[in-house]
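A short write-up of the structure that comes next.
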Amino acid sequence: MASLSETLRSHWPIALFGVILFVAGGTELYWNEGRAVHNMMALDEAHADIYSVRFTEEEQEVGLEGRIVHLSGPILVGEPLTEPDYNIQLLAVKLRRRVQMYQWVEEAVEHNYGDSVGTTHSDSRTYYYTREWRDKIVDSRNFYNRHGHTNPSHFPIESHVQVADAVFIGRYELGAEVKEKFNNYQELTSDIRPEDSGVKLHLGIYYHTNDVFNPEVGDLRLLFSFAGMEGEVFSVVGKLSGNKLVPYITSRGVPVLLVYPGGLSVQEVFRLEARAQVLHTWWWRFVGWLLIFFGVTCNTKILRLLFVRVPLLVALAPDPQFPVTGNLLIAFSLALTIAAVAWILHRPVIGACLLLAGASPYVWFTRNLVDYHRLD
């Protein structure tokens, strides 16, 4: 078996890369757990001080200025959002215009005859040119064969999102940050044809073309969608500032602003937000654990040489023939230990549970090792 110094000399590039992955994964995990802690404490603080508005006459005498409140009801839009060139007019929080252009697209197919892809010459590639609807300009100046495959340099009509100036729930206006959270877009379909004869309407899509079924390069098509139609019921949690709903800032500086469709109670809104936070946290936990796992995998040989030197850790040393299982356990333990450090000061019980879970593989293998020595 090679010595530790020899292994380091022969594997230092991959070992260094593994250390970088491990540090990145550990940092990401610590940041994610800290964010989860602060978000949970922010939700607890907001829930403890919230007032659910009932829109009664008596509430006008209650001092709600600066308080976090819960509103639930149909939204009202002051002025309609319009696209006059397409005879579109509707009362909604947002109206999104998505513009696509019919363009040339290049696809290169490599023919590898034994050389690596990086050394393959241009004469061993085949270039295909097709026409597709694209949201962004495809720069045809970079094409291998530019002759007859020229795209326009810009969009004559740009994609855009209109936001209503005044939106209300009851007598309270929704601030800009609240309106920004309306992102549940629905496709807008209309039977009213534009007055411009150069614009065709087909299956709810507007075409700037002579022939919908045979478009030419440079032709446009526009798709419209909306979010927050007037009359739809939404539940919002935020702070009242004057007559406007804005984000509530907790004592730790964490903004709380919740927007969910439907007539939901305070408990239902916070339950949905807590569930969304948990899913988001677990996604980043997986990313952090994956980085740590690959970092450990890059250093399998070095870790084995280190672990075999310590009797209580020898059982954790990755098997050189089947290292994946050992690496999974090591990454699992390290990830949970890092998460426990972030939680233990704010939620000691959760932190202690994570720490015990992280130490469980070590305790299990150590117990088996002690039992094995007793049998000897």
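A Cβ is built for glycine as well, from the same backbone N, Cα and C atoms used for every other residue.
Under the topological domain names given by Swiss-Prot, Glu110 lies across the membrane from Asn299.
Within the chain carrying the transmembrane segment (278-298), a Cβ under 8 angstroms from the stretch's Cβ atoms is held by residues 14-15, 17-26, 28-29, 32-33, 35-36, 323-324, 327-328, 330-332, 334-335, 338-339, all 6 or more beyond its ends.
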